[in-house]
Amino acid sequence: MTNKKFKSGFVAILGRPNVGKSTFMNHVMGQKIAIMSDKPQTTRNKIQGIYTTENEQIVFIDTPGIHKPHNALGDFMVQSAYSTLRECDVVLFMVAADEPRSTGENMIIERLKKAEVPVILVVNKIDKIHPDRLFEIVADYTSQMEFSEVVPISAKQGNNTERLIDTLSEKLDEGPQYFPEDQITDHPERFLVSEMIREKILLLTREEVPHSIAVTTDQMTRDEETGKIHIMATIIVERKSQKGIILGKGGDMIRKIGKMARRDIEIMLGDKVYLETWVKIKNDWRDRKMDLADFGYNRDDYM
């Protein structure tokens, strides 16, 4: 019988786009709950991942990459990321070891200097650099502000992630178990389905298309005869030309998106899935507050 006290708390993961925040959280959770691609601003909402052991529960908040916004959607994403500073117990400031400190990192650092909670510097992607460079990178960041801890990791390979979990546990206070031990995210299945479809579009399309799409899951029902889950989803674009790209020649692209998304959705749900997708044009939806709210990007939820 153990006398160890149960610890819990909320941990925000902040950083520029593409530094590996979602990769880290998916690794810790042991399955995909945050989508990934090489496109900037892949994560748009705050994604909560729940890591529970016998002695602790850490609720990770994977935030959108902080960048200079160019539309109302971008502004929503940045405000969503910064709002986590008001609701977390620890901040992980994640940077990429293979990229030099930029104005983006400097902007985040200025905000973090005002944080009233411990800030841990996480140097990710150490597998991409020579070990001798690590000291130089850490020295550069620690010259800008004081961090409570510095932990180098490779989220992709899983290197040193256990040490980071141990470090977080040390920073957290005793607290309750906020979520059931078998729950790994607070987002509903429909949200995760939409995100998995959007991920495949990010992977398969280029130029302006990835940033111009939203996905809504309109219906999820089980077919009593086949046992399959019937999902109806809508892909929203801003231009007629973008709709043509999503559909592809003879519908090739939309079929490819559906096939790849269905595979991940079936793994997540543990059931066979029939996925039906439609493409709808909504001109300039990223700058319309009503459309943003309809598609799940409601700024009031993050204020």
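Note: Cβ is positioned from N, Cα and C throughout, glycine not excepted.
The stretch that Swiss-Prot tags with region 'G2', taken from the ranges 41-45, 101-105, is 41-45. Swiss-Prot lists region 'G3' for one of the ranges 54-57, 62-65, 186-189, namely 62-65. Swiss-Prot lists region 'G4' for one of the ranges 4-7, 124-127, 160-163, 248-251, namely 124-127.
For N18 (GTP binding site), the Cβ neighbour count at a 10 Å cut-off comes to 19, with all displayed protein chains included.
Highest local Cβ density among the binding-site residues G15, K21, T63 belongs to K21, counted as other Cβ atoms within 10 Å over all protein chains shown.
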